[in-house]
Amino acid sequence: MAAQIDGVFESGLQQKIKESKVLVVGAGGIGCEILKNLVLTGFQDIEIIDLDTIDVSNLNRQFLFHKEHVGKSKANVARESALTFNPNANIKAYHDSITTNNYGVNFFQRFSIVLNALDNRAARSHVNRLCLTADVPLIESGTAGYNGQVELIKRGLTTCYECFPQPAQKTFPGCTIRNTPSEPIHCIVWAKHLFNQLFGESAEDEDVSPDTADPEAGAEVGQAALEKEANEKGNVDRVNTRTWAKECQYDAEKIFNKLFFDDIKYLLTMSNLWKNRNPPKPAKWDTVQENANEEEDATGDSVARDQKVLSMVQSAKLFADSIKALELALGKLPDGDHLVWDKDDKDAMDFVAACANIRAQIFDIPRKSRFEIKSMAGNIIPAIATTNAITAGIVVMRAFRVLQQEYEKCKTVYVRLRVNPQNQFIVPDRTIIPPNPKCYVCAAKPEVVLKLDTKKLTVRELRDDILIKTLNMISPDVMLDGANSIVISSEEGETDCNNAKTLEEMKIVDGCILKVDDFLQNYELSITVLHKDPGREEAPFEIVADADSLKPKEAEEESTPSAGSSSAPGAADDAPQPSTSKGINGSANGKKIAQIQDSDDDLCIVEDEEQENVEGRPSTSKPSTSKAS
């Protein structure tokens with residue numbers, strides 16, 4: 001290898017490269033480029049992990065993969081391809097998830113440095129916590145379109161991935177999804193829920209039938225529904241959606257009429273909903289099929305098909321074809337198993353696109369092309385191969401600095417589409433941002449305040465929606481402080497009897513403190529519970545990472561710095577800020593920086609002021625709150 005020739009690198013760095021052990025997490029667009037760069041620069045001992053398999057859609061930007069590799073493990077194929085550059089390198093591949101208990105603190109402590117190239121927030125948070133505990137430098141990277149970011153995470157020196165919590169990915173009230181959709185995304189979310197109800201892992205909060213408990217519809221609607229559905233004994237027999245679909249042998253016509261005619265007719269009986277809205281127009285299979293012969297079939301495989309907005313007739317045919325294909329796929333699985341929705345699975349994507357467009361037309365919402373629906377359903381930002389390559393190159397150059405312990409030179413770097421006033425398109429931060437002393441992950445005593453309705457929220461919701469989905473834990477144990485009672489146990493079945501109980505029934509009320517321990521992440525968190533009564537459009541819970549933000553307004557005003565202090569708005573632009581903050585220092589030129597929802601290889605984007613602000617890490621260094629619904 002040319003990189004191993006004396007003089008290419010200074011002798012000290014060259015030796016450190018040979019002796020170091022590197023872990024690459026993720027073998028996608030950035031991960032492939034990182035692995036290639038590591039091998040070509042002389043790294044000898046590399047391990048790479050990725051659970052994913054290669055899809056045709058990966059081939060345009062993940063250049064270690066070729067057509068013959070489709071369906072194979074990304075990690076294994078990346079290893080084989082990288083070895084062609086340097087057969088003497090020692091590369092070990094894991095076709096596995098980094099979040100399993102096989103990869104704990106001891107595993108991470110084996111490495112000199114960890115390079116993240118992940119595509120989802122939960123896994124990033126997990127690696128962040130383990131690297132902090134193991135005290136191993138982590139280089140986090142990501143791209144979104146033409147924008148990219150590379151940042152060092154080092155315990156005690158820099159902010160961690162969770163120092164300034166990202167806003168929760170956007171969710172919508174269940175009654176909006178089920179009763180009163182008004183945007184294409186509402187129909188797409190409904191269609192994904194329907195996929196899970198029929199073929200996937202269904203969840204209680206993903207029901208697709210009309211919501212009779214919608215407060216806007218009026219209490220009498222729910223009562224009337226109960227009376228109408230009651231049997232002779234006065235009880236309501238609930239039939240599981242998938243059970244019903246199997247009983248009717250996944251008949252496309254019956255499912256279509258149930259979802260798009262019967263359920264819509266039922267919604268129309270909730271007259272309160274339509275006082276200020278245009279009512280939906282039910283669609284019946286026979287009526288739709290009357291025009292079937294007059295329209296061109298648009299279900300063939302082509303690029304043009306993905307770009308075309310399908311009519312009701314075309315969507316209905318796609319609906320029927322995809323149901324038949326998904327039924328066959330489900331039938332091949334063992335009893336009790338289920339399909340997993342994947343944006344790159346043709347039949348699953350066809351089903352969601354068809355259902356979303358049929359429902360959109362019923363509610364007079366603009367329909368979208370299959371490509372647009374795939375982008376929205378999968379939260380996709382187009383991945384650009386050049387951006388991945390530039391970002392991966394910066395990652396490895398930062399790795400050189402880390403190996404030489406030149407941490408002061410490891411400032412966060414942004415890759416931008418347009419040059420800034422200094423004629424730069426690769427823009428470094430001015431300073432290294434120190435850890436947030438009130439971070440609920442890397443602070444000396446991590447703690448948060450949790451505001452929720454203790455009378456309604458159940459232990460299962462506390463575990464699944466708050467601890468796992470929002471706080472990104474893997475296997476939490478929860479104890480009620482002072483009572484020495486176990487609320488949630490990571491041991492399977494040990495506390496299942498608590499799942500359906502409300503927090504109040506578990507003696508968890510306003511002012512209680514919960515001690516949470518995730519042994520897989522070696523992470524402990526103290527949660528102070530505050531009771532609140534959320535309104536209809538409010539999230540059922542709110543997580544406050546800074547208890548000081550709960551001070552009375554008067555106290556806040558008293559503690560507000562004067563205009564002449566260093567914290568005044570004018571001074572804030574030049575003061576150290578988080579690398580994703582809004583201002584001169586955070587963006588290097590005063591433009592807005594914001595994180596987007598996880599896509600193919602995204603982390604943070606730098607956007608121009610005229611661009612729409614998108615979700616992600618907070619845009620200021622002030623104490624932030626995270627909400628979810």
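Cβ coordinates come from backbone N, Cα and C, glycine included.
What TrEMBL says about this one:
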ACT_SITE  CYS175  active site, glycyl thioester intermediate
BINDING   26-31, ASP50, 58-61, LYS74, 97-98, 119-124  ATP binding site
BINDING   CYS160, CYS163, CYS439, CYS442  Zn(2+) binding site
COMPBIAS  560-579  compositional bias 'Low complexity'
COMPBIAS  598-613  compositional bias 'Acidic residues'
COMPBIAS  618-629  compositional bias 'Low complexity'
DOMAIN    8-440  domain 'THIF-type NAD/FAD binding fold'
DOMAIN    181-269  domain 'Ubiquitin-activating enzyme SCCH'
DOMAIN    286-374  domain 'Ubiquitin-activating enzyme SCCH'
DOMAIN    450-533  domain 'Ubiquitin/SUMO-activating enzyme ubiquitin-like'
REGION    544-629  region 'Disordered'
Residues flanking the Zn(2+) site, with Cβ no more than 8 Å from the Cβ centroid of CYS160, CYS163, CYS439, CYS442 and excluding those residues themselves: LEU132, THR159, TYR161, GLU162, PRO435, ASN436, TYR440, VAL441, ALA443
All-chain count of other Cβ atoms within 10 Å of GLY26 (ATP binding site): 31
Helix, strand and coil counts within the domain 'Ubiquitin/SUMO-activating enzyme ubiquitin-like' (450-533) (DSSP): 18 helix, 29 strand, 37 coil
Spatially closest candidate among GLY26, SER97, ASN120, the listed binding-site residues, to CYS163 (Zn(2+) binding site) (Cα to Cα): ASN120
Top Cα neighbour of ASN60 (ATP binding site) in the set of recorded positions CYS160, CYS175, CYS439, CYS442: CYS160
Length of the line joining the Cα atoms of ASN120 (ATP binding site) and CYS439 (Zn(2+) binding site), in Å: 20
Number of helical, extended and coil residues in the domain 'Ubiquitin-activating enzyme SCCH' (286-374), per DSSP: 54 helix, 0 strand, 35 coil
CYS160 (Zn(2+) binding site) versus ALA123 (ATP binding site) - Cα distance in angstrom: 14
Integer Cα-Cα distance in angstrom, SER97 (ATP binding site) to CYS160 (Zn(2+) binding site): 21
Which same-chain residues, if any, lie at least 6 apart from CYS160 (Zn(2+) binding site) yet have Cβ under 8 Å of it: ASN128, LEU132, ILE153, PRO435, CYS439, VAL441, CYS442
Pairwise Cα distance for GLY26 (ATP binding site)/CYS175 (active site, glycyl thioester intermediate) [Å, integer]: 37
